Amino acid sequence: MQRHLISAADLTRDDAVLILDTAEEMARVADRPIKKLPTLRGRTVVNLFFEDSTRTRISFEAAEKRLSADVINFTAKGSSVSKGESLKDTAQTLEAMGVDAVVIRHGASGAPYRLATSGWIDAAVINAGDGTHQHPTQALLDAFTMRRRLVGRDAGLGRDLDGRRITIVGDVLHSRVARSNVDLLHTLGAEVTLVAPPTLLPVGVETWPCEVSYDLDSTLTKSDAVMMLRVQRERMNAAFFPTEREYSRRYGLDGDRMARMPEHAIVMHPGPMVRGMEITAEVADSDRCTVVEQVTNGVSIRMAVLYLLLGGNEPAVTHARTTEEK
Amino acid sequence: MDTQSDARPVLEGPDIARVLTRIAHEIVERAKGADDVVLLGIPTRGVFLARRLAAKLEQITERKVPVGSLDITMYRDDLRMHPPRALARTEIPGDGIDGRLVVLVDDVLFSGRTIRAALDALNDIGRPRAVQLAVLVDRGHRELPIRADYVGKNLPTSLRETVKVQLAEEDGRDTVLLGAKPATQGAQP
Amino acid sequence: MSKILIRGAKVLGGEPQDVLIEGRTIAQVGTGLPAEGAEIVEAAGKVLLPGLVDLHTHLREPGREDSETVLTGTRAAASGGYTTVFAMANTFPVADTAGVVEQVWRLGKESGYCDVQPIGAVTVGLEGSKLAELGAMHESAAGVTVFSDDGKCVHDAVIMRRALEYVKAFGGVVAQHAQEPRLTEGAQMNEGVVSAELGLGGWPAVAEESIIARDVLLAEHVGSRVHICHLSTAGSVEIVRWAKSRGIDVTAEVTPHHLLLTDELVRSYNPVYKVNPPLRTERDVMALREALADGTIDIVATDHAPHPHEDKDCEWAAAAMGMVGLETALSVVQETMVDTGLLDWAGVADRMSFTPARIGRATGQGRPVSAGEPANLTLVDTAYRGRVDPAGFASRSRNTPYEGRELPGRVTHTWLRGKATLVDGKLT
C-alpha cells in the first residue's frame, strides 16, 4: 500500500481486499466488552476538518480511539484558518506538534493530495473527503457493506465483488462518493452503472470504467445494490433539474421501484439522506436499506485503514502474508 | 519460508499425535476433569493444535470442550519494527472466558513475547479463573518470565537455528523441522 | 557615437551577416563590415531577431508590487529578448483613466529596459458596465491604442459593440479576454476527462468559443478590428479561421504555455499549472501550433502573470491563476514551433515582433533588421539547451510551470535602440 490514502484509484485489488478483510476482524472488536486495541498507542492522529462533517469526523475519531491513538480534533470553524491562515501553515503547525497522521476533510478538490505531495509535512495523509474529488474510506465502507451482504461475512474474506452489479443514482457531478466508488468497485471487479439526469453527470464521464444510463427503471431490475446519492435542493436553482417533484419522480427510489429490484438486492445511501427527494421514508426504513449498517462499518473500515497505514514501521505490504519464524 | 534443504525433522506425524494425546491427559489431570477449560489457539498453527487437543479432550472426558482462537497481532510489541501484518481471526466461544480456565495453545514457544501479547489480548476479552499455556515445541531462549504448563517436546536450539512446525491442515503434512537460518537474516524471533 | 558590430549572426535565421549599430540605429547590414572603433559581439551560430514585442504582459504596478513592478517586469522582458511590452490594465487602481496609464508609461520610460505601452481598460474598473474614457487614454502621453478588460471578459454584447465602434475613431483595438462568465462560474480547469476525474470545476471550451464567435460577428457588423487574447482551443481556431476567410478584421494571440502544456499536468494539483484560460488538451495544443504556423493565429503573447509564492503554495482552489512567461517565451516557441519544423526564425520574428507591433501600433518596434531602422535587436543562442531555473529569473515572481524542464534556446543579448539591456545573458 502507499503511504497515504488519497484516492480510491490508488488502491490495488489486493490492497482493497486486505483492507476489507482487516475491517472484518476490526468489526469483531465492537462485540467485545472492551472495544479497544493498544495498536496505535503513542501515535498521534489529527482530524483536520476544514469542512463541517460531524458524521465523518466522529467515525474517524471512534476508529482512532479504538486503536488507542492520541486524537487531536482541529476544526476550521472559529480557528486561525478562518482568519486566513493557509493550509500549509496549519499543516506545518500540526507537524511541529509531532503528528503521525492527518485525516483531512477539505472543500477544495486535491487539498489532501497537495498536503501529501508538497513536502509541507511528513505525516501520513488520509483523505476524509475533498471537494468533489474523492472520499476513499466511504467507498471502502460501501464495498465492505456490499461484500458482507452480497457475498457473506465469512464467505467474503479474501474475495472481491466480481460480477456484482452496482447502480449509483443521483448527483454524480458533485459527488466524491460516486467518483471513489466507481474507482474502487471497478478495481474489485464489480459492474457499475451510473444513473442520473445528463445535467448531473460530468463531461468526460464516458471515459470512466462504468456504464451510464439516464433511466433508473431499466437498471433497477439488473442491480445487486442500488446506491442513492444525496441531491441537494439548491441544485434546482442552478437549473440542474426543473423541480424537486420531477427529480424524485424520475430518479427517486420509492417502494414501487424497490419492489422491482431483485429480491437479494440492497439499497445504500452514504447519508445524510434527503427523505422525499432521492429516497422515500418507506425505502429508507426498510430492511433492505443498509444506511445504518454503513455507519457502523465506517468505523471498522477506518480502523483497518489506520492500522494498515500506521500500525507498523511502514504501510502494510499487500499479500506478503508473512509466516512467522519461530 | 522454510526451504532450507538441510532442515531435518525432529518430530514426525505419529510423534505429534502422541504428544498431543499426552498433553490432553495432562490437562485433564491438572484441571481436575477439565470441565471449565477453554482452549484458545494462537493463529495460525496454534488454532489447529487447539482443535486437535479439544477433540482429544472430548474423547477423554466425553464432554464438549469450547475451543477458539486468539489473534495477538494488534498486541505485539514489535509492531513498529515491521509493516502491519494481516490480521487473523479471534473467535471466543459463546460462553466467554470469564471464570474459566483458559489454555492458550501455540506451536512453538521461543522468546515468550507472543504469549505476553496473548495475555494482554485476553485481558481485553474477559477475566479467566486461570491461564495456562500448551506448546508443541519449547525451543528455549526466553526473553520474558514466561513458561509453558504443557510442552510436547523440549528442543534445545541455538539462535542460528530455525524451528518450523508443519501441520496437515495448513501445510499438508505433520512435522517439526529444525533448520539453519540463512546467514543474511538477523536473529529476530 | 557608440558603435557595436554584431559579427556573423544569422539574421532572422538566414545566412551569417554582420550588423553594425551606430547610436540608436542600425547603420549597416552586410558581410565583412569594418570593425574599427566598434565594440565587437561575436555572434557566429546565433540567430538575430528584431526585438520581441509582447502584446500581453501583467506588470502589476500599481497595486501589486509584491508580485512585480514595472522595473522588475521590464528587466524580465529584456532578459527574454523583448524590447516592448504592452502592460495590461488590471492593476490597482485599474488603468481606466489617463492618469493611471500615464503613470505606468512614465515608469516604463524610467526603467530603461524596454518600452512599456500601457493598455487601457475597456470599462470602468473592469466591471463591464460603463465604458472607460478610451479617448482620453488615447490622447494621454501614453498614447493608448489597445484596450482590454483582460482577466475579465467584456461579456455584455452591447458594451462590446460600442467599444469596438468607439475606438475606430482613433485606430484603437479592443483585445477581448473571451470567457462567457456564466459558463465558467467556479471554473478551475479545462472541462473534460481530467476535470471529471479530479473533481475540479470545468472551464468549457465553448465558454471561449461562443464569445469569439459573437465578437468576430460584431466586428464584422460594425466594421471594426478586434483582437482575441490567449486563444486556447481548437474550436476557437476554427472560428478565427472562418472569420478571416470572410475578411473580418480579427487578430489572435496564443501564449507559449498553451503551445506546450496540457491539462494532464493538473493531475498533480500543483497550482503552477493553474492559469486562465486553462491548459487544454493535446488536441487543442496541436491545433494551436498549426494555426500559429499557418497565420490563423497572428502572434505569440506571453500573458506573463506574476504571483507571489504564497498565492501558488496552497491548495488548487485557493491559488491564483497565471504564470510568468517573459523569460521563457522564446524557448518555448523554439521548442514547439521551430524545432518541430512548423515555423522558421523569420516566422518567429513575424509572430513575436513584426505583427504584435503592428497590432498594437508600437512605433519604432517590430521593424526589419536593416539599415536605418531603430536598433531594437535580440540575439539568440539557439543551440543552447538547459533546465529552467526560476532562481535566475529577473521577474519578482517565480510562478513558472517550466521549473526543471529542459528547453532549447537562450537569449544572450538584447538591444533597445542601440543600448544593450542584456549582455551575455546578464542584465545591464
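The backbone N, Cα and C atoms fix where each Cβ goes, and this holds for glycine too.
Among C:His230, C:His257, C:His258, only C:His230 appears in TrEMBL as part of the Zn(2+) 2 site alongside C:Asp150, C:His177. Going by what TrEMBL states, the Zn(2+) 1 site holds C:His56, C:His58, C:Asp150, and the candidate of C:Asp303, C:Asp311, C:Asp313 recorded there is C:Asp303.
Within 10 Å of C:Asn276 (substrate binding site), counting CA to CA, the binding-site residues C:His56, C:His58, C:His230 contribute C:His230. With a cut-off of 8 Å between CB atoms and residues at least 6 apart in sequence, the same chain places C:Ser67, C:Ala320, C:Gly322, C:Ser397, C:Asn399 near C:His307 (substrate binding site), listed in sequence order. Residues C:His58, C:Leu59, C:Arg60, C:Asn90, C:Asn276, C:His307, recorded as contacting substrate, have a largest CA-CA distance of 17 Å. C:Asp303 (active site) is 7 Å away from C:His230 (Zn(2+) 2 binding site) when you measure Cα to Cα. Listed in sequence order, the residues C:Thr57, C:Met88, C:Ser148, C:Gly151, C:Cys229, C:His230, C:Ala301, C:Thr302, C:His304, C:Ala305 complete the 8 Å Cβ shell around the Zn(2+) 1 site centroid, once C:His56, C:His58, C:Asp150, C:Asp303 themselves are left out. Proximity note: of the listed recorded positions (C:Asn90, C:His177, C:Asp303), C:Asp303 have a CA within 10 Å of the CA of C:His56 (Zn(2+) 1 binding site), given in sequence order. Here C:Asp150 (Zn(2+) 1 binding site) comes close to C:His56, C:Met88, C:Ala89, C:Asn90, C:Ile119, C:Ala175, C:His177, C:Cys229: these same-chain residues lie at least six apart in sequence, with C-beta atoms under 8 angstroms from its C-beta. Mean pLDDT across the domain 'Dihydroorotase catalytic' (C:45-233) comes to 97 in this model. For the pair C:His58 (Zn(2+) 1 binding site) and C:Asp303 (active site), the Cα-Cα distance reads 7 Å. With every protein chain in view, the residue among the binding-site residues C:Asn90, C:Asn276 whose Cβ has the most Cβ partners within 10 Å turns out to be C:Asn90.
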